[in-house]
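Undergrad: Dumping the structure here so I can ask a few things about it.
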Amino acid sequence: VTYSAPQLPLVLPFGRCVCDPGDGLRWPTAPGSCARVVTAAEEGSGFYALERCSSPTCDAASCTQLTTWAPSMAEMGEGFSFECRPVGSDAATVVDACDVVVGNTPDSAFCAHPGYVNGALAATPDHVLRCEVAPRCPANVLLDNLEQSCCSGSDRSYALNASGAATGAPAPGFCSRPKTTEPLAGRPVVVEILRASGLRDADGVLQGNSDPFCRGGVVGKPSLSFASRIVDDDQDPVFNAERVFDSPAAGDVFAFRCWDRDFGEDDDFLGEAFLPGEQWEADGFEGDLKLNRTDSGSDAFLTVRISRLGSSAGGDCSVRTLAPSWKGCACLGAQGFPLADRVCTASCDLPSCGQDGTGIPPTPEHWRTSEVPEALRTR
């Protein structure tokens, strides 16, 4: 179900009950309602139904059918797709994988409030969200000076050592990390899939060019991965996809793979490239990787960048500090979405925050900095 503001869909993993919390943030045309997509006939028939439900568990008795989809007989056995159709003030469609819609958009962005993050475990099924208020900000984020302190911190708040004692060195800003000569391994890095060139046309003359998308991640670590958006009809696509990886280890090998998206059919493989640890651990990496296994007579390349969190884009810091009933730091990536593990709460009147902020989760250990003296909290 899509809506106009913000420009993100309400994603319904098949068979899951997904609800708007009541404020209309996730489903503006149906505040407080829930929805699900289910099979409306015998399983395997390809006949699906979108239902709106009043029960928070989507009990069948509380659900009303909004629309259904069925493939045409001509498509049966060849793979099939479903049309996007109006449903009241919304529009809805069925796709065969959540990442077709989600791409590289951080899960927390679908919570539709900058102060909410996805608290679901990494092991939960694809794109099942549990939106909850972001943890409390570290001490170097000052409520009276959020715009500056989210990015730069405070010169009176110090980094902590392994035993929790102040080191005497000012802690880096929550959204920005200073440049350093220390290796990147074991530190937060931004991994970007920027663009590709020379990709094979896997669709043929009658279907136009390929509709490519790419995935990037660490070999052998499925939780450290992300996907780009799909670019229609383009053999030289620009992706500008990014994801923050909290702490890739020394020796980790990055793998990048690209496909041509074919709705209802198996995607066509377009090539892959690998980036070993010795090429990114010291100073990061930015450049073209030649794709292998392209099934083409010409060369194809993928442009990627791996950089220390806060050191790319000229060291700029982009942050949102205000939202309804919430103040804090929502550090933004190149596409304007909050970065993973970079949203914190300074002040909150949302229902989930509890009385006097008692419901705000505590500051994670890896964010903590020393306290700023009360008399200096405006700095």
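Start at 1 and count along the chain as shown; that gives each residue its number.
Each residue, glycine too, has its Cβ placed from N, Cα and C.
Dumping what TrEMBL says about this protein:
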type: COMPBIAS; residues: 365-379; note: compositional bias 'Basic and acidic residues'
type: DOMAIN; residues: 168-291; note: domain 'C2'
type: REGION; residues: 356-379; note: region 'Disordered'
Undergrad: Find the average pLDDT over the domain 'C2' (168-291) in the predicted model and report it.
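TA: Value for the domain 'C2' (168-291), mean pLDDT as a whole number: 87.
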Undergrad: In the domain 'C2' (168-291), how many residues does DSSP call helix, how many strand, and how many coil?
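TA: Taking the domain 'C2' (168-291) as a whole: 6 helix, 55 strand, 63 coil.
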